[in-house]
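Engineer: Pasting the feature list from TrEMBL:
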BINDING   B:Ala86, B:Arg87, B:Asn192, B:Ser215, B:Gly216, B:His217  pyridoxal 5'-phosphate binding site
MOD_RES   B:Lys218  N6-(pyridoxal phosphate)lysine
Number of protein chains: 2
Amino acid sequence: MKINLDKYKNLTRNFEREIINLNPIQRGGILPVEAKKAVYEFWDGYSVCDYCGGRLDQVSTPPICEFLEDFSKFVNLDISRPTHGAREGKFIVMHSICNEGDYVVVDGNAHYTTYVSAERSRLNVVDVESDGYPTFRINPEKYKEVIDNLEDKGKNIGLILLTHVDGNFGNVEDAKKVGKIAKEKGYPFLLNCAYSVGRMPVDGKKLNADFIVASGHKSMSASGPCGLLAFKEEFAEKILKTSEKFPIKEIEMLGCTSRGLPIVTLMASFPHVVERVKRWDEEVKKTRYVVDELEKIGFKQLGVKPKEHDLIKFETPVLDEIAKKDKRRGFFFYEELKKRGIGGIRRGVTKEIKMSVYGLTWEQVEYVVNAIKGVVETHK
Amino acid sequence: MKINLDKYKNLTRNFEREIINLNPIQRGGILPVEAKKAVYEFWDGYSVCDYCGGRLDQVSTPPICEFLEDFSKFVNLDISRPTHGAREGKFIVMHSICNEGDYVVVDGNAHYTTYVSAERSRLNVVDVESDGYPTFRINPEKYKEVIDNLEDKGKNIGLILLTHVDGNFGNVEDAKKVGKIAKEKGYPFLLNCAYSVGRMPVDGKKLNADFIVASGHKSMSASGPCGLLAFKEEFAEKILKTSEKFPIKEIEMLGCTSRGLPIVTLMASFPHVVERVKRWDEEVKKTRYVVDELEKIGFKQLGVKPKEHDLIKFETPVLDEIAKKDKRRGFFFYEELKKRGIGGIRRGVTKEIKMSVYGLTWEQVEYVVNAIKGVVETHK
Ligand SMILES: Cc1ncc(COP(=O)(O)O)c(C=O)c1O
Ligand SMILES: Cc1ncc(COP(=O)(O)O)c(C=O)c1O
């Protein structure tokens with residue numbers, strides 16, 4: 001066996017420390033200093049198992065058990081469990097409450113992980129189309145149509161799912177209405193909050209959600225991978241079903257899920273997250289400012305207007321024009337931003353870009369806006 | 001919503017830094033300094049996704065793609081994927097290659113996670129009993145009997161599974177023979193190496209394994225949770241099946257599994273792990289020394305003798321005797337060890353104990369042996 005081990009000797013990363021990172025999937029996952037301190041304590045394998053009596057969710061040192069109760073309060077649902085992330089939460093729900101072959105009704109903006117969770121659970125997926133370009137809004141009434149249609153065909157519906165904030169346009173959808181429709185029709189309703197819980201206030205009961213999945217690394221300032229699943233009491237029996245041979249072990253959790261460092265960062269960051277959610281309006285203000293400024297130079301915001309979430313998708317014909325004459329082609333934008341200490345915009349892409357200034361200071365937001373304007377002005 | 005957030009403000013842990021930890025499940029998961037350095041770089045959420053083209057296993061910065069190839073070489077199988085741990089690897093295999101209702105034949109010492117993985121996959125489990133007290137050895141020939149018996153009854157067998165080193169007695173089982181039987185009978189063979197890969201040399205092909213699951217946090221000096229699944233090419237189609245709608249995404253991985261810090265520590269620790277595996281004989285020597293010394297004071301090692309793995313299970317009637325007269329009852333042992341800076345032995349338990357001195361220096365091993373002897377001598 002010949003393995004060159006040198007490549008593992010200095011694994012480094014320059015994002016965050018040296019660069020302003022505009023990648024939307026990463027802006028909500030940056031650790032505050034409190035969480036970094038906890039990392040030193042819990043980086044070893046199985047570090048949360050020192051005082052375990054057989055169940056991760058019942059560990060009280062560190063306070064995982066209390067944290068799960070606090071999280072249930074935070075999202076206003078009854079019971080919570082740690083997961084490896086939003087997708088694993090969706091899979092747990094689909095796999096435990098649906099039957100093979102059931103239909104899951106999802107929004108047309110659903111994340112790919114919703115589809116693969118359903119495929120892994122051997123379910124069928126039907127989408128509720130958005131209203132398309134340029135807003136891509138989901139009309140809750142269309143859920144009713146799709147459900148009626150499936151019922152007319154005698155199909156078995158196992159779950160209604162809505163992406164609270166989608167990963168393409170950052171639209172905040174009307175969960176309450178979709179939840180109401182699901183409830184009236186008698187189907188369980190899962191709200192995918194990977195992009196919302198930890199950023200903005202989310203009240204599960206008010207939104208008529210039976211299940212909420214959240215993403216620690218995406219929106220709760222935690223190290224990846226980890227997440228949370230919260231749900232209403234009435235689903236506990238199915239979701240928390242225990243092993244026949246090992247009655248303490250929950251089958252869908254395979255006993256224990258997030259058995260290590262990430263969940264510790266999730267807990268250590270929780271006070272920070274609870275605070276920042278209260279300042280959500282300010283984040284939306286920053287986002288709208290960016291949109292206003294960059295539309296002045298020819299960018300066009302896609303999705304619902306005005307923005308209600310930090311993820312921005314722009315059509316950028318002006319960048320595309322420049323790319324046609326620049327010898328670096330589509331890469332000019334990435335490279336020019338890099339020179340200015342800005343990263344996280346997809347390399348080589350100029351027709352459409354995604355970005356977020358979530359959690360940046362106003363000073364940094366200004367800097368980013370001016371840098372982008374500068375690149376466009378000097379190159380067009 | 002009223003949440004007391006103070007409890008999350010100083011999450012600390014005194015194991016490892018202040019205490020010699022004898023907990024067998026934790027000794028193989030301690031991070032070397034190289035991995036700790038990488039933690040600083042990659043602690044933010046989705047940190048490994050900076051240069052992702054859509055698939056975790058293809059990321060080359062950090063070198064995940066190369067790491068998976070190196071790991072395949074390390075365990076001598078064809079293809080590898082990151083997982084969240086050994087149990088998640090077992091579930092992936094069972095869920096993708098078996099059909100609902102199939103039988104899985106496992107050893108009688110199998111870890112509970114083997115059972116819950118099978119339950120979650122909706123499979124039936126039949127065990128091959130060990131030879132019982134005191135060695136609890138698994139006789140490979142018995143696999144043949146169990147398989148024949150199932151075949152006679154017309155049952156569909158989906159998988160043969162062996163726990164390479166079990167978590168109760170630390171027996172190293174004869175994988176090669178079990179693998180040969182599986183092969184002759186025409187069934188796929190999974191070797192659960194949670195307690196072996198990363199500690200001792202493991203050669204998948206030599207052991208006739210079709211699949212190997214490994215545990216990063218348990219035996220590869222990685223932060224939890226993470227692990228690896230390696231397998232033979234011929235199973236790629238089933239295990240790596242991709243989504244219909246998103247053809248780049250692997251269904252059983254839900255797209256991506258270990259998307260964050262733990263896999264970085266796994267890679268950063270890999271050179272250390274490759275080296276320590278070469279010194280496995282020395283670890284076995286330490287273990288045998290502990291057994292020899294503690295049997296002198298009335299401990300009795302369970303499992304196969306002499307030890308071939310660092311996990312030791314002792315029957316400890318002498319501790320039980322002391323507990324009867326000590327006013328602290330069963331807790332005296334835990335407390336006396338704690339005074340001496342030693343932890344990781346289950347609190348209150350005196351009939352049987354599990355321990356490991358894996359990775360301790362000889363000096364520390366001596367210290368532990370003398371401390372335990374001291375406690376027993378002065379209390380009996
Ligand atoms: C809407 C949405 N759902 C789910 C996910 C996946 O989250 P996780 O990595 O926690 O599974 C993402 C990530 O980009 C997302 O944007
Ligand atoms: C034999 C064996 N298999 C599997 C596991 C579980 O490993 P993981 O946490 O990686 O799923 C353990 C953990 O104690 C074990 O001892």
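Glycine too: its Cβ is placed from the backbone N, Cα and C atoms.
How buried are these features, and what lies next to them?
Structural biologist: Non-local neighbourhood of B:Ser215 (pyridoxal 5'-phosphate binding site): B:Gly85, B:Ala86, B:Cys193, B:Ala194, B:Tyr195, B:Val197, B:Gly198, B:Gly227, each in the same chain, at least six residues away, with C-beta under 8 Å from its C-beta.
In sequence order, B:Ile25, B:Gly28, B:Gly29, B:Gly85, B:Ala86, B:Ala194, B:Tyr195, B:Gly198 make up the list of same-chain residues 6 or more apart from B:Lys218 (N6-(pyridoxal phosphate)lysine) whose Cβ falls under 8 Å from its Cβ. In the three-state DSSP reading, B:Lys218 (N6-(pyridoxal phosphate)lysine) counts as helix.
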Engineer: Near the Cβ of B:Asn192 (pyridoxal 5'-phosphate binding site), how many other Cβ atoms are there if near means within 10 Å?
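Structural biologist: If we count other Cβ atoms within 10 Å of B:Asn192 (pyridoxal 5'-phosphate binding site), we arrive at 32.
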Engineer: Is B:Arg87 (pyridoxal 5'-phosphate binding site) helix, strand or coil when read with DSSP?
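Structural biologist: B:Arg87 (pyridoxal 5'-phosphate binding site) sits in a helix per DSSP.
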Engineer: What same-chain residues, at least 6 away in sequence, bring their CB to under 8 Å of the CB of B:His217 (pyridoxal 5'-phosphate binding site)?
Structural biologist: B:Gly29, B:Gly85, B:Ser223, B:Gly224, B:Pro225, B:Cys226, B:Gly227, B:Pro262
Engineer: Within the chain of B:Gly216 (pyridoxal 5'-phosphate binding site), which residues six or more apart in sequence place their C-beta under 8 angstroms from its C-beta?
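Structural biologist: B:Gly216 (pyridoxal 5'-phosphate binding site) has long-range Cβ partners B:Gly29, B:Gly85, B:Gly198, B:Ala222, B:Ser223, B:Gly224, B:Pro225, B:Cys226, B:Gly227, B:Leu228, B:Pro262, B:Ile263, B:Thr265, B:Leu266.
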Engineer: Using the centroid of the Cβ atoms of B:Ala86, B:Arg87, B:Asn192, B:Ser215, B:Gly216, B:His217 as reference, list every other same-chain residue with Cβ within 8 Å of it (recorded pyridoxal 5'-phosphate site), in sequence order.
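Structural biologist: Once B:Ala86, B:Arg87, B:Asn192, B:Ser215, B:Gly216, B:His217 are set aside, the remaining close residues are B:Thr83, B:Gly85, B:Glu88, B:Gly89, B:Ala194, B:Val213, B:Ala214, B:Lys218, B:Ser219, B:Gly227.
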Engineer: By the criterion CB under 8 A from chain A, which of the recorded positions B:Ala86, B:Arg87, B:Asn192, B:Gly216, B:His217, B:Lys218 would you report?
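Structural biologist: Near chain A - Cβ to Cβ under 8 Å - we find B:Arg87, B:Gly216, B:His217, B:Lys218.
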Engineer: Name, in the order they occur in the sequence, the residues of the same chain whose CB lies under 8 A from the CB of B:Arg87 (pyridoxal 5'-phosphate binding site) and which sit 6 or more residues away.
Structural biologist: B:His111, B:Thr113, B:Thr114, B:Val116, B:Ser117
